[in-house]
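> One structure coming up, written as structure tokens, with questions to follow.
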Amino acid sequence: MEREPAGTEEPGPPGRRRRREGRTRTVRSNLLPPPGAEDPAAGAAKGERRRRRGCAQHLADNRLKTTKYTLLSFLPKNLFEQFHRPANVYFVFIALLNFVPAVNAFQPGLALAPVLFILAITAFRDLWEDYSRHRSDHKINHLGCLVFSREEKKYVNRFWKEIHVGDFVRLRCNEIFPADILLLSSSDPDGLCHIETANLDGETNLKRRQVVRGFSELVSEFNPLTFTSVIECEKPNNDLSRFRGCIIHDNGKKAGLYKENLLLRGCTLRNTDAVVGIVIYAGHETKALLNNSGPRYKRSKLERQMNCDVLWCVLLLVCMSLFSAVGHGLWIWRYQEKKSLFYVPKSDGSSLSPVTAAVYSFLTMIIVLQVLIPISLYVSIEIVKACQVYFINQDMQLYDEETDSQLQCRALNITEDLGQIQYIFSDKTGTLTENKMVFRRCTVSGVEYSHDANAQRLARYQEADSEEEEVVPRGGSVSQRGSIGSHQSVRVVHRTQSTKSHRRTGSRAEAKRASMLSKHTAFSSPMEKDITPDPKLLEKVSECDKSLAVARHQEHLLAHLSPELSDVFDFFIALTICNTVVVTSPDQPRTKVRVRFELKSPVKTIEDFLRRFTPSCLTSGCSSIGSLAANKSSHKLGSSFPSTPSSDGMLLRLEERLGQPTSAIASNGYSSQADNWASELAQEQESERELRYEAESPDEAALVYAARAYNCVLVERLHDQVSVELPHLGRLTFELLHTLGFDSVRKRMSVVIRHPLTDEINVYTKGADSVVMDLLQPCSSVDARGRHQKKIRSKTQNYLNVYAAEGLRTLCIAKRVLSKEEYACWLQSHLEAESSLENSEELLFQSAIRLETNLHLLGATGIEDRLQDGVPETISKLRQAGLQIWVLTGDKQETAVNIAYACKLLDHDEEVITLNATSQEACAALLDQCLCYVQSRGLQRAPEKTKGKVSMRFSSLCPPSTSTASGRRPSLVIDGRSLAYALEKNLEDKFLFLAKQCRSVLCCRSTPLQKSMVVKLVRSKLKAMTLAIGDGANDVSMIQVADVGVGISGQEGMQAVMASDFAVPKFRYLERLLILHGHWCYSRLANMVLYFFYKNTMFVGLLFWFQFFCGFSASTMIDQWYLIFFNLLFSSLPPLVTGVLDRDVPANVLLTNPQLYKSGQNMEEYRPRTFWFNMADAAFQSLVCFSIPYLAYYDSNVDLFTWGTPIVTIALLTFLLHLGIETKTWTWLNWITCGFSVLLFFTVALIYNASCATCYPPSNPYWTMQALLGDPVFYLTCLMTPVAALLPRLFFRSLQGRVFPTQLQLARQLTRKSPRRCSAPKETFAQGRLPKDSGTEHSSGRTVKTSVPLSQPSWHTQQPVCSLEASGEPSTVDMSMPVREHTLLEGLSAPAPMSSAPGEAVLRSPGGCPEESKVRAASTGRVTPLSSLFSLPTFSLLNWISSWSLVSRLGSVLQFSRTEQLADGQAGRGLPVQPHSGRSGLQGPDHRLLIGASSRRSQ
């Protein structure tokens, strides 16, 4: 039973007093009698009836109801929702306005047809979706479970919908939890159960849940009838990682409740026979349903622009109606005396005044011209976007075979935003890297152990990369980077040395096997778990073992170790137990290894602490060495393993070795003690090899495997103890008192244990070096011990810098020994924090900070996180596409910088500005210094101070194209502390301006809040389109802030995916998603929206021009049936198909020419001037389509509809031909829809004209179309008018493609010229690799040859014309697949460097060229040809002549004249390109022609 705590009444009106809602809720058992009931049986029966009626405790029951409508509420509720869209309100208003007799233009019922049709389609879709939800709800609500019945005194089967808060539920293995349940009993002897949360967050690794304190010690089975405790917990919320509360027993004692005690709805019980719990939250109050908010809705940039243009159309509609109203009023005033000839007077003989007639005319024109607002545009956009999402999901190139996952489109309405991204913000760990940690190096007590053998072993797992073999020796690398540690400096560093490759290039089979296993365990491949020990460290471990073996029967065992050996011992103990790793068996992957020792439970109260740590208990409570040895022999690990075969077919059986073989150990010259324990290890090797570790963090698994390599083996973890297997000492069981988990603020985790050898309370801490080094106990320089500790810390810090410089992730390991008094004092405050319901997180945080102080440094580790496949190539392609990439990581600065070099985010020959500051004043000074340096290098001036906004010089959305004096823009590296200062209000403008001038930005040690603040800053200040990509929970905030959020389903769960708009398996798929699908989606939608605006404007223009011939009386010459259904039926399907299937550029051209992506960034397809040009063209076409039929039928005896029907026919044909001009890729569906539209129009017209004999007397459309089909003038007019109307657009498109083409038009021209030969030219600037000669056959099986037209003059720039010759395969190229790179050069072997400046491409000429001939064009701010490759020679244009020969020849002449002008104007600017002669190649290894924003010619 649950009751709300009484709250104070708030003042209010009489009769409407309301209580302030409390922050907690009280839950009681439903089996208890209600308060005030005298008869328990009667009270119980009453409570049972209340529960069955679904009103128990007046709270929501467990019934799931996701439907929005009922049979009675569907129509009004759905209409109410649809009328929230302004367009629907507008069209309904117009339809209702048509019911006014004085202003109606159409039949009232007919005017409602379009809007009713749109509303009906939307309503039917909503009804179907709601019905699907109803079926799903019914299925879930009628699932069964066991609920305890008071009347029957046993568990009975009931439906999920019959469960209420306060019920006791019993779940068996593999059953799904029906509600949020507090765990009170488990069949596990340790009070544990394992759950799978895949249905909740997508994570397949099992999680442990613990029985509430006080119930796990019960010997007998839990009886719900005896449960009388009261539960106080927090209100329902959607935080899956948080649950706070307490349970109050009859004796008044409280026990804290945490998320480990809560079983969430939707999770599945695994590896536990049965559990019992009480329902805390039911139905829609459960955390799962509170998190189920449905698909995210965002409004795309194109949609926002479209809404603005719709407003312009509304304004244009008002202006046209107002113009007609004024014209009609003036016309009435002028012909006042002749009004009786054309106006029917009223019954009293009076007539309308000019003003009144003008007002009526205004309203009537609003109705007539309503088509100007595209009624079907929004529905068409939804259909096109749904189809785009479908095709993206069906792209097999976005499927990852290794992880068996594919791209997911979670946001259905921002697909076009993928084609307009300007800034990418990326996490590092798990996004650019694999997040599969491999132990590489460590330092203990100031001594470094390089693990060279382990490095050599890892090298065998990756292929040799010839381009990255030149590595500077480690010492030089360290010395050069030694200055990185300064915290208040700004440096411009020229990177000269190479970095070690971090790319994993092992076999695909191994990678696939490892990824399959990674779904269930943290690390499973041999590369990641088989650690080769360092001989020196192994010798230290052996020496430590000898000392412990000699003193094994003495009391103070660890006191016999030297300080160095003691640190070694504690170092590996900390690696083993300072984590949350769960031990499992491969035979039963979901079965925890249990070797239970009879130890006392964890400390939960002060009384328990006093009893536990009295002197008598300290001597008798700990296990002796002899007993530990006995435990080792009596509790064989193999006996605890089930003998049943594995039921998980997806998991592979892994054989894990325990350390080195005995022969290898003996060969190192170890003592006989080492031989003895080595022989013992060999005996238990078969059982120990069956261990498997499941870790929530990859770092933890790597460290546990590293400790295992040194024979410190984690064999068991329970909620109150951790067992470790050691040589000679056997199995040590550490009592686990507390676990202080990792969080992004503390950046560390700690465990509090009682040591079995000393009975001391130890705190082991591991975390980031930036925080742990500051928590160490102060050292005195007076005594020798203090000086020694300072020396150790200094050495450790130097080694940490070495590890970070090599790209390794660093962690520091520390320890603290607590006295009894210190622990008692801390425990009291910690228990108070645990039992607090308000500010519990803050209190626990402060409690952890008080404990993690005065630490003793043990050592540090370096873990390698390898780059994902294809990351450098993807970053290079994205940069060529004009995208600026920022990496926001929480890693150490040196580590992040090294990874940035490895993934080509930073280049070795570029300048790097490193910004580290210790205060806000220092950060401001450093920013000013950086800005001065930027100005001195020839970049833009510093921003001026503005109010609330960045300077106007920030108006450019794309990254600046200006470069430094050395030709490259610098990169910026900033640490987390400096970033916090830079994000302050008074410094953010300077920081943003500096970052905008940099080629790359790397933010290190950044928190999740800082990540989101950086994204928000760029998005709001620069008005740029942003994309954030990450894989972990710490990336959720920036993913949600960005315009487009992309999540990666990696090692850290599915939180990022659940918060994202799109989910990709790996980072490399971002290239295809943006450059290909993003460009296509934007281009299709932009052109479709423009076409809808054009089509409606052109059709409205026909009606508007007619007003000049009818006195602006709002009359129409087109039948109202055509007016109503023309845009809705006859002309809506072809643009829809084009919007779904059109491809302006083939896939291979886009992928090999990322520069084409810039068209979307610059909004070339849809910008304001394009919109108004389109509207002007529509007005011209409407004038032509009106004038020619008017002249053709002038002075004829045809009636109004006979003249209007050819106009409608001409409009339809003009629309389709216009669409044909704008369509880039024609498919059979395009032809079918166009033919269907024409056929449908004539069919409807013939049927309608034949059946409508007396529709609109006296002028009726009877037999109109039949008569026109027999008139030659009709055919002549329908043929001539569309050609005349479209001639200017056709001429402009042809002229534009030949004189001033855009990059996209050039790419399309090459594709249209020869699909078989277009791939080679466009790939000459794709990736910058050169072959040995032009006749070399590549992996694709094609050979590229070069040639030039024979008619080309020798003085003209040589243009390559390529052809593909395939041996044994078809001659055509599959345009749906990316084409491999081919080159057009001969006789070259050295690769030519690529141009990295934005807007530049590389052209390699096949002809001879002087040494180092380069022409760099200045940016003009306008998108122009990629290179001279696309500007064809003068006479080669004759080959492009299409059916419109006059236009093509005129374009050729203009191109010839323009070429000569350019050649004359640039005489002497660039080096001439020599004419082609035979097979002569270039005379050097690096001959290229750089063509920028403007196309230049060299003589």
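Note: Cβ is positioned from N, Cα and C throughout, glycine not excepted.
So Swiss-Prot lists these for the protein:
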| type | residues | note |
| --- | --- | --- |
| REGION | 1-53 | region 'Disordered' |
| COMPBIAS | 15-26 | compositional bias 'Basic residues' |
| TRANSMEM | 87-106 | transmembrane segment |
| TOPO_DOM | 107-110 | topological domain 'Exoplasmic loop' |
| TRANSMEM | 111-128 | transmembrane segment |
| TRANSMEM | 310-332 | transmembrane segment |
| TOPO_DOM | 333-362 | topological domain 'Exoplasmic loop' |
| TRANSMEM | 363-384 | transmembrane segment |
| BINDING | Asp427, Thr429, Asp1031, Asp1035 | Mg(2+) binding site |
| BINDING | Asp427, Lys428, Thr429, Glu700, Phe742, Lys766, Arg809, Thr889, Gly890, Asp891, Arg1005, Lys1011, Asn1034, Asp1035 | ATP binding site |
| REGION | 464-531 | region 'Disordered' |
| COMPBIAS | 477-499 | compositional bias 'Polar residues' |
| TRANSMEM | 1088-1108 | transmembrane segment |
| TOPO_DOM | 1109-1119 | topological domain 'Exoplasmic loop' |
| TRANSMEM | 1120-1140 | transmembrane segment |
| TRANSMEM | 1171-1192 | transmembrane segment |
| TOPO_DOM | 1193-1199 | topological domain 'Exoplasmic loop' |
| TRANSMEM | 1200-1222 | transmembrane segment |
| TRANSMEM | 1229-1249 | transmembrane segment |
| TOPO_DOM | 1250-1267 | topological domain 'Exoplasmic loop' |
| TRANSMEM | 1268-1292 | transmembrane segment |
| REGION | 1311-1356 | region 'Disordered' |
| COMPBIAS | 1341-1356 | compositional bias 'Polar residues' |
| REGION | 1464-1499 | region 'Disordered' |
> According to DSSP, does Asp1031 (Mg(2+) binding site) fall in a helix, a strand, or coil?
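For Asp1031 (Mg(2+) binding site) - judged by DSSP and reduced to three states - the answer is coil.
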> Most CB pairs under 8 Å with the transmembrane segment (363-384): which of 87-106, 111-128, 1268-1292?
87-106
> Could you give the residue numbers and ranges of same-chain residues that sit at least 6 residues beyond the topological domain 'Exoplasmic loop' (107-110) on either side and whose C-beta is under 8 angstroms from one of its C-beta atoms?
98-99, 1120-1121, 1124
> Do the transmembrane segment (1120-1140) and the transmembrane segment (1171-1192) come together with 3 or more C-beta pairs under 8 Å, pairs six or more apart in sequence?
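Judged by the Cβ rule, the two regions do not touch, with the required three close pairs absent.
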> Look over the recorded stretches 111-128, 310-332, 1268-1292 and say which has the most C-beta pairs under 8 A to the transmembrane segment (1200-1222).
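Ranking 111-128, 310-332, 1268-1292 by Cβ pairs under 8 Å to the transmembrane segment (1200-1222) puts 1268-1292 first.
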> Short question: which residues 6 or more past the ends of the transmembrane segment (111-128) have a Cβ under 8 Å from it?
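For the transmembrane segment (111-128), the nonlocal Cβ contacts are 68-69, 74-75, 78-79, 81-82, 88, 91-92, 94-95, 98, 104-105, 367, 375-376, 379, 1124-1125, 1128.
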> How about the transmembrane segment (1171-1192) and the transmembrane segment (1268-1292): at least 3 CB pairs under 8 Å, pairs 6 or more apart in sequence, or not?
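Yes, these stretches are in contact.
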> For the C-alpha pair, I'd like the distance in angstrom between Asp427 (Mg(2+) binding site) and Gly890 (ATP binding site), rounded off.
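It is 8 Å, counting Cα to Cα.
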> Please work out the number of neighbouring Cβ atoms within 10 Å of the Cβ of Asn1034 (ATP binding site), leaving out its own Cβ.
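Its Cβ has 23 other Cβ atoms within 10 Å.
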> Against which stretches of its own chain does the transmembrane segment (1088-1108) lie, if we need a Cβ under 8 Å and a gap of at least six residues from its ends?
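Distal contacts: 302, 306, 309, 313, 316-317, 320, 324, 327, 365, 368-369, 371-374, 376-377, 380-381, 384, 1114-1118, 1123, 1126-1127, 1131, 1135-1136, 1138-1139, 1165-1166, 1170-1171, 1174-1175, 1177-1179, 1181-1183, 1185-1187, 1207, 1211, 1214-1215, 1218-1219, 1222.
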> What does the structure give for the C-alpha distance between Arg1005 (ATP binding site) and Thr429 (Mg(2+) binding site)? Integer Å is fine.
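Each residue's Cα considered, Arg1005 (ATP binding site) and Thr429 (Mg(2+) binding site) end up 12 Å apart.
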> Give me the Cα-Cα distance between Arg809 (ATP binding site) and Thr429 (Mg(2+) binding site), rounded to a whole Å.
10
> Does Asp1035 (Mg(2+) binding site) have same-chain partners at least 6 apart in sequence with Cβ under 8 Å from its own Cβ, and which are they?
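Asp1035 (Mg(2+) binding site) has long-range Cβ partners Asp427, Thr431, Pro1008, Lys1011, Ala1028, Ile1029, Gly1047, Ala1056.
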> In terms of Cβ proximity under 8 Å, which residues at least six beyond the ends of the transmembrane segment (87-106) contact it?
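Distant Cβ neighbours of the transmembrane segment (87-106) are 112, 114-115, 118-119, 310, 314, 360, 363-364, 366-368, 370, 373, 375, 378, 1114, 1116, 1120, 1123-1124.
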> Using the alpha carbons only, what distance in Å do you get between Phe742 (ATP binding site) and Thr429 (Mg(2+) binding site) once rounded?
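Checking the Cα atoms of Phe742 (ATP binding site) and Thr429 (Mg(2+) binding site) gives a distance of 16 Å.
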> Starting from each candidate's C-beta and looking 10 angstroms out, tell me which of the binding-site residues Thr429, Phe742, Arg809, Arg1005, Asp1031 has the most other C-beta atoms.
Asp1031
> About how far apart, in whole Å, are the alpha carbons (Cα) of Thr429 (Mg(2+) binding site) and Asn1034 (ATP binding site)?
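Between the Cα atoms of Thr429 (Mg(2+) binding site) and Asn1034 (ATP binding site), the distance comes to 11 Å.
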> What else in the chain is close to the topological domain 'Exoplasmic loop' (1109-1119), if you only count residues 6 or more beyond its ends and a Cβ gap under 8 Å?
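Same-chain contacts beyond the ends: 105, 324-325, 327-328, 331-332, 335, 342, 361, 364-365, 367-368, 1102-1103, 1200-1201, 1203-1205, 1207-1208, 1261.
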> Compile a sequence-ordered list of residues in the same chain as Gly890 (ATP binding site), six or more apart from it, whose Cβ lies below 8 A from its Cβ; state 'none' when nothing qualifies.
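For Gly890 (ATP binding site), the qualifying residues are Thr429, Ser744, Lys747, Gly976, Cys1004, Arg1005, Ser1006, Thr1007, Asn1034.
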> Given the model, what does the mean pLDDT over the topological domain 'Exoplasmic loop' (1109-1119) come out as?
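PLDDT averaged over the stretch: 89.
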